[in-house]
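Noted in Swiss-Prot for the protein shown:
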type	residues	note
DISULFID	22-28	disulfide bond
DISULFID	23-36	disulfide bond
MOD_RES	36	cysteine amide
């Protein structure tokens, strides 16, 4: 596989970890609407 796919996968897993840790926390979720879906 090429390096770009590896980097993208690493970034995606970081984002999922951040989402899992952040989005249940209202103040973090509000500050990160792009990862937590916002717009409610």
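The backbone N, Cα and C atoms fix where each Cβ goes, glycine too.
Features per Swiss-Prot, on structure.
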| residue | record | Cβ within 10 Å |
| --- | --- | --- |
| 22 | disulfide bond | 17 |
| 23 | disulfide bond | 15 |
| 28 | disulfide bond | 15 |
| 36 | disulfide bond | 19 |
Length of the line joining the Cα atoms of residue 22 (disulfide bond) and residue 36 (disulfide bond), in Å: 8
Euclidean distance between Cα atoms of residue 36 (disulfide bond) and residue 28 (disulfide bond), Å: 9
